[in-house]
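The following features are taken from TrEMBL:
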- 5-23: transmembrane segment (TRANSMEM)
- 23-287: domain 'NADH:quinone oxidoreductase/Mrp antiporter transmembrane' (DOMAIN)
- 29-48: transmembrane segment (TRANSMEM)
- 60-81: transmembrane segment (TRANSMEM)
- 93-115: transmembrane segment (TRANSMEM)
- 127-146: transmembrane segment (TRANSMEM)
- 152-171: transmembrane segment (TRANSMEM)
- 178-196: transmembrane segment (TRANSMEM)
- 202-221: transmembrane segment (TRANSMEM)
- 233-255: transmembrane segment (TRANSMEM)
- 275-294: transmembrane segment (TRANSMEM)
- 290-344: domain 'NADH dehydrogenase subunit 2 C-terminal' (DOMAIN)
- 322-344: transmembrane segment (TRANSMEM)
Amino acid sequence: MKPPILITIMSTVISGTIMVLMSSHWLTIWIGFEMNMLAVIPILMKNFNPRATEASTKYFLTQATASMLLMLGIITNLLLTGQWTALSTPNPIASNMMTVALAMKLGLSPFHFWVPEVTQGISLSSGMILLTWQKIAPLSILYQISPSTNPNLLTIMAIMSILTGGWGGLNQTQLRKIMAYSSIAHMGWMVAVTTYNPTLMTLNLMIYIMMTLGTFMLFMLNSSTTTLSLSNMWNKSPLIASLVLTIMLSLGGLPPLSGFIPKWMIIHELTKNDMIIMPVFMAMTALLNLFFYMRLTYTTALTMFPSTNITKMKWQFENTKTMTLLPPLIVISTMMLPLTPMMLTIS
């Protein structure tokens, strides 16, 4: 894609999200979602091939359905309350419709089927945008309508998402699908705490975005898309392999890494609200995620690709890719645990 076209499309995607974040009128929020959706499709189709076209079509159809549901919720709210403003509490019926629409946009279970398929069909850089930036706008609206959302609906979707994210990633060998199921599980954790402490959801989103950006950048640095290509990494660049290992364990929520912070704080918040069974179930289901991260870790760091001795070492070509933000992202993704008291103060 030529730079002027890419700059135009990316600025439209960013301005669409900012429009959703800053608007207090439901119509401009809906327009922001539409701008964002229509501008992101050419980014998904950057590598023009049948799989990317199929993935973009699936993404468009799902997001268009979600947008129609969102508009139905907005119009229902207008008919029942007589106002367009997003600052007032929406009607419960309209709020449920909006919640379902936002769940479709986020890829929460049972509306998660498009996430692995779309992520697998597009390039690593497009997948990184899809699983990080595209989550900001829907979660911001969910944050706004959180006082009027149905806690039971959110709880059911959260539990289903965490379970789907854990079970779905177990048999995967494609890294993009593993990241997609990881995203579904993380969205479940965020939605679980939305009713009780929406600020904690924002904190979780920030840490999740940092970890996912770091992981995707490491994959892009080595052009790794499968477990097989990841198994060659230890021979080629041990340091990068160690960093992939560490960030994967952080994504799984293993202490003392950064990924443990949101899980710890969410379990603490749910326990404070007299919910015992749900956080226990969530913590147990998180072990499924940790299992497939551990499997990737084992493949990366503790195995060597079975081949003849003369091909064990790859030729050391000079890496021409520049990942400027990678070092700070790796530090944030792994070493933020000492800052937990400060984050508890904020939330």
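Backbone N, Cα and C atoms are what each Cβ position is placed from, and that goes for glycine too.
Count of Cβ pairs under 8 Å against the transmembrane segment (202-221): among 5-23, 178-196, 275-294, the largest is for 178-196. Within the same chain, the transmembrane segment (152-171) packs against the transmembrane segment (93-115): three or more Cβ pairs sit under 8 Å, each pair at least 6 residues apart. Take the transmembrane segment (233-255) and the stretches 5-23, 93-115, 178-196, 322-344: counting Cβ pairs under 8 Å, 322-344 has the most. In this chain, the transmembrane segment (275-294) lies apart from the transmembrane segment (322-344): fewer than three C-beta pairs between them fall below 8 angstroms, excluding pairs fewer than 6 positions apart. Of the ranges 60-81, 93-115, 322-344, the one with the most Cβ pairs under 8 Å to the transmembrane segment (29-48) is 60-81. Residues 103, 106-109, 112, 115-116, 118-120, 127, 131, 135, 139, 142-143, 146, 149, 151, 154-155, 157-166, 168-169, 172, 204-205, 208, 212, 215-216, 251, 262-263, 266, 269-270, 272-273, 278, 282, 285-286, 289, 292-293, 296 of the same chain lie 6 or more positions beyond the ends of the transmembrane segment (178-196) yet place their CB under 8 Å from a CB of it.
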